[in-house]
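Q: Just passing along the structure, written as structure tokens.
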């Protein structure tokens, strides 16, 4: 099982971010903007699937979002979301899914302001 990080440890992985985007500041800015404007609302749909216990839909939505989480340098959250996706595919219990989602969501809520700050700094 993947190593899960405490909420306070979620940060932007600048080394991976620069490697993925070859240090191209404009590309990083563009990816941050797309994530915040276009991808972030998808987490509401994922949360609805969680609330309705629609595990196949949760797995599909998580699969769709995972690459974006990595592209903005949220490596530890990417690992947690991949874990949630795998869990959703294997007849999970509601309790285990809720615990995984709550942990992921707390980390996301903590890192979105960091992304906004980083975007403002880069622009």
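Glycine is no exception: its Cβ is also placed from the backbone N, Cα and C atoms.
Curation does not apply to TrEMBL; its annotations are automatic.
It should be emphasised that the depicted structure is a prediction, and the values quoted were computed from it without experimental measurement.
Taken from TrEMBL, the feature domain 'HPt' covers 24-123. The phosphohistidine annotation in TrEMBL covers 63.
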Q: Tell me the Cβ neighbour count for the residue listed as 'phosphohistidine', meaning other Cβ atoms within 10 Å of its Cβ, over all protein chains shown.
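A: Excluding its own Cβ, the residue listed as 'phosphohistidine' sees 15 Cβ atoms within 10 Å.
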Q: Of the residues in the domain 'HPt' (24-123), how many are helix, strand and coil by DSSP?
A: 85 helix, 0 strand, 15 coil
Q: Averaged across the domain 'HPt' (24-123), what pLDDT does the model get? Just tell me the whole number, please.
A: 96
